[in-house]
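S.K.: Before anything else, here's the structure in question.
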Amino acid sequence: MKRSLHLTFVCLSLFSARMCVQGNQFNIEVSRSNKLSLPGFENLTAGYNKFLRPNFGGEPVQIALTLDVASISSISESNMDYTATIYLRQRWTDQRLVFEGNKSFTLDARLVEFLWVPDTYIVESKKSFLHEVTVGNRLIRLFSNGTVLYALRITTTVACNMDLSKYPMDTQTCKLQLESWGYDGNDVEFSWLRGNDSVRGLENLRLAQYTIQQYFTSVTRSQQETGNYTRLVLQFELQRNVLYFILETYVPSTFLVVLSWVSFWISLDSVPARTCIGVTTVLSMTTLMIGSRTSLPNTNCFIKAIDVYLGICFSFVFGALLEYAVAHYSSLQQMAAKDRGKAKEVEEVNITNIINSSISSFKRKISFASIEISGDNVDYSDLTMKTSDKVKFVFRDKLGRIVDYFTIQNPSNVDRYSKLLFPLIFMLANVFYWAYYMYF
């Protein structure tokens, strides 16, 4: 019996001590230089219902926001999103938290659970989290007139629709939108505290591939099935730094095009040298094109500006290889034609000699009284040609002229014209390319 009473006494003592500790935690008093004692949190929130908004049933709560952008850690073209760390600060007035004096005091972040706070969320956010090191990165500050300051440190990944048709000379416009999840415009009204000056930190950011050109804030309305909501919008423009891509892709591809032109100054007879240059430049351009497309694996549905330029360079490199094939083939054809001409001349001389010898022999063996056969006065007027033979002769003559018209008479002129036309056309293509993608 005594043991039972002893255990009961110990339990009551421990419970009393526990209640005293909890009471001390909620009895918050802040002393200023003038020794003003602020009310305890427990007394201030007596009868407070955190499940009801301020002015419940009356005017909507006016919530003013400010935003500090600490960092933009990544911008993904493949996933079309960006990841940013922000400091979000919200201010509103809750008349239930008015106390005497003109001072303010900061509460432990864990006491936020006992107050009403807005259900603000980030529109189009894929994932977000509140920092918890070393404690939850939240701040709650009460002012004597009932104003509440609620600050959070959040890292969020937000969707950003990107148009990559001008990549890498593109400028992307991304948004950060804030809205109440459950309270519509009849309960909560959001606003920027100081307009564009409500957002800070963007002008100081240094990004790897982008430069922040400008940003501005706005307030819009979001009409949804559950009501009409106030939406705060931060819109900022990101201009890509093209210098990196010029050094990585544009300069090497241009050098490969120029390298392919070296073959124009090599003799047509140097088949291995010209073939090696042509094949090497084509393979190198193919590698560049594959590397460019694999760097953005999920954006291959876009025909990007860099793809257009690499396509132009590949056309010129492949064209230089085809130019040698045409010139070399024409050279072989010309040599074959010369050989055929010489053989034909020899054949004609042989035929003429045979005919002349045959006529001379015929003259000696046969003689006619009324006809004198002579090589000079033979009349061929009675020899006629059939109509079908005439048609074949005319057709062959026309076909031969057409073939001669498209046949390169001097293959060395192919290289001579290519030395001028290839660089000239490539320069014009560059002028149109850069003018279009930089200014249109």
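Easy rule for this one: first residue shown is 1, then count along the chain.
Each residue, glycine too, has its Cβ placed from N, Cα and C.
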S.K.: In Swiss-Prot, which of these is labelled N-linked glycosylation site: Asn102, Asn350?
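M.R.: The N-linked glycosylation site feature in Swiss-Prot corresponds to Asn102.
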S.K.: Could you check Swiss-Prot and say which of Asn43, Asn356 is marked as N-linked glycosylation site?
M.R.: Asn43
S.K.: Would you say Swiss-Prot puts Phe264 and Thr294 in the same topological domain with respect to the membrane?
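M.R.: That fails: Swiss-Prot puts them on different sides.
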S.K.: What residue among Cys174, Cys276 is stated in Swiss-Prot to be the disulfide partner of Cys160?
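M.R.: When Swiss-Prot is consulted, Cys160 turns out to be bridged to Cys174.
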S.K.: Which one is it: of the recorded positions Asn43, Cys160, Cys174, Asn196, whose Cα lies the shortest distance from the Cα of Asn102 (N-linked glycosylation site)?
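M.R.: It is Asn43, whose Cα lies nearest.
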S.K.: Give me the non-local Cβ neighbours of Asn228 (N-linked glycosylation site): same chain, 6+ apart in sequence, Cβ-Cβ under 8 Å, ordered along the sequence.
M.R.: Asp184, Gly185, Arg221, Ser222
S.K.: Out of Asn43, Cys160, Cys174, Asn196, which of these recorded positions is nearest Asn145 (N-linked glycosylation site) by C-alpha distance?
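M.R.: Looking at Cα distances from Asn145 (N-linked glycosylation site), the smallest one goes to Asn43.
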S.K.: What average pLDDT is reported by the model for the topological domain 'Extracellular' (291-301)?
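M.R.: Value for the topological domain 'Extracellular' (291-301), mean pLDDT as a whole number: 75.
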S.K.: With a Cβ cut-off under 8 Å, give me the same-chain residues at least six positions beyond the ends of the topological domain 'Cytoplasmic' (263-270) that come close to it.
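M.R.: Distal contacts: 277-278, 320, 323-324, 327-328, 331, 411-412, 415, 418-419, 422.
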